[in-house]
Amino acid sequence: MEGVDHLADERNKAEFNVDDMKIIWAGSRHAFDVSNRISRFVATDPVFEKSNRALMTRKELFKNTLKKSVYAWKIIKELRLSDEEGIKLRIFMDQPGFLDLHWGMFVPAIKGQGTEEQQQKWLSLANKMQIIGCYAQTELGHGSNVQGLETTATFDPKTDQFIMHSPTQTSSKWWPGGLGKVSTHAVVYARLITNGKDHGVHGFIVQLRSLDDHSPLPGITIGDIGMKFGNGAYNSMDNGFLMFNQFRIPRDQMLMRLSKVTREGKYIASDVPRQLVYGTMVSVRQTIVSKASDALARAVCIATRYSAVRRQFGSENGGIETQVIDYKTQQNRLFPLLASAYAFRFVGEWLKWLYTDVTQRLEASDFVTLPEAHACTAGLKSMTTSATSDGIEECRKLCGGHGYLWCSGLPELFAVYVPACTYEGDNVVLQLQVARFLMKTVSQLGSGKAPAGTTAYMGRAQHLLQCRSGVQKAEDWLNPSMVLEAFESRALRMAITCAKNLSKFENQEQGFSELLADLVEAAIAHCQLIVVSKFIAKIEGEIEGKGVKKQLKNLCYIYALHLLHKHLGDFLSTNSVTPEQASLASHQLRSLYSQVRPNAVALVDAFDYTDHYLGSVLGRYDGNVYPKLFEEALKDPLNDSVVPDGYHEYIRPLIKQNFPSAKL
């Protein structure tokens, strides 16, 4: 029934104040107010309608994205929205497009690597959208291995120009979003060559298209790379290819904050430390972790609400069936994902602090914490995006057959999100960067140099290698110090085991290559420890709101104990816990599920997502699922006619056995 809240009974069970939890989720009252206001503005504006996206052709979808993107920019300017409000508007528009790369990669690259003069020239144009930019790094033949890029930028001292060239097919730029059809400019990464010497990969601002008629400039071959995974989804983005044929740009379009080429062709490194580039990298990866929380929260919101609506089996004497969410198997799969969404939210908040700290240190030429910050953000980007993409797919399965419908919102959410496991660093490659940092940290233990930041626990190596968990009863697994010690012990012992195995190889790189799988697992253990520790720090701090702290504690220990259960082999093989203690953890986990159950719907309500943003019939706020499923089905073009096109041509002859004679 319209206007009836079919989930009202669920909401009435809540043991905490949902409005207070909304502020915790948003990060502050101000952040909540901005998010709430902008999301509802977008939801009520017909231009941002998206329910028919799956039925559009690629060209229709692309043009629709252009319309929405330009309209969003118009709103931002006319209403004088702040940067924060503008970012929220683009998020709630919920359609990947060129604005994402212009503001998310092109502008930050110029800010981070351009001189003051270059920033003044190019950012004044970019900030007004008088030029549209993208970030052209990845090539057809090279992605993660940036140092293997083949595009060249050769300096010609006769003309004071760089000659941009794509010497091979594999040197084609391939994948940059916004490149295919929209961008007028790009920050292009190419091998800098002066006087016959290769100085490695550097960034260049390159105009790609005419500002008068948008045609590609002579010497440039450019286009879209084609359809991608899913209906709608990331196909709204014009991921492109780009090839240069002896294309010339002025010398001053090399980004010269960190190094420069003189008029005579001399290569000079700047006094500005190259490490400043890492500040931008930390910022980008912090944003990715925050988006992981958002994407997982959307999927969990859909699956939780639908699990409360859906009933199956369990009826006695013709009575009402059991809600799917009441089955322990459903809780065991769903509630850890709910806990993960909150966990990733809080570690994302901590990464914001880390970015501020790193930036301040870099400005003061303090690079001490940079390696740890780089490893930390690399690992958390990898861990959270992998867990989120897997979690979205699990939520689809939790919704049964209906989860496979496009209108459930889950197939498109998965298709849009899963590239995050690859862009800004392949997830396995990133964990190997973490592993290298861990191996270096282990090698320095006992040298007098104390590990800092997220590796500070390694400074207690002697204790952690000898200690045995003190857990004696199930309730002990609600003791933060005991949980942390188990995770610290596991992470440290796995890292030290890898280091010992590496030491058996005369050639360290060969050993690293042989032990890749073990090193990745050690890195993951370290990253999971970071998330658990930040979640515990959150619940141990000041938290306002009726019943809120108790719910967050329940979610924190669900997150930790489910990881313990999932990676039990690691905990047992490192003697971090005993089989008996693992059994107690499983018992406590079941108890926590029972405590979260009456609060589950309210906990996803705290995400404060509009039905427009969720884009899901199954996850509707009012729970009115089944009538709306029929409405969506009847909108399909196949239902425009009762008798389908092709009946007289194919179906009738088949049924009547009236086929023309076959001829060989």
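Backbone N, Cα and C define each Cβ position, glycine as well.
Unlike curated records, TrEMBL annotations are generated automatically.
Taken from TrEMBL, the feature domain 'Acyl-coenzyme A oxidase N-terminal' covers 17-132.
Look at TrEMBL and you will find Thr138, Gly177 tagged as FAD binding site.
The domain 'Acyl-CoA oxidase C-alpha1' feature in TrEMBL is assigned to 278-439.
Cβ neighbours of Glu424 (active site, proton acceptor) (same chain, under 8 Å, six or more residues apart in sequence): Val284, Arg285, Ile288, Lys381. The active site, proton acceptor annotation in TrEMBL covers Glu424.
Here TrEMBL flags 479-656 as domain 'Acyl-CoA oxidase C-terminal'.
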Using DSSP, how many residues in the domain 'Acyl-coenzyme A oxidase N-terminal' (17-132) fall into helix, strand and coil?
91 helix, 0 strand, 25 coil
My understanding is the cutoff is Cβ-Cβ under 8 Å with a sequence separation of 6 or more in the same chain; which residues meet that for Thr138 (FAD binding site)?
Lys173, Trp174, Trp175, Pro176
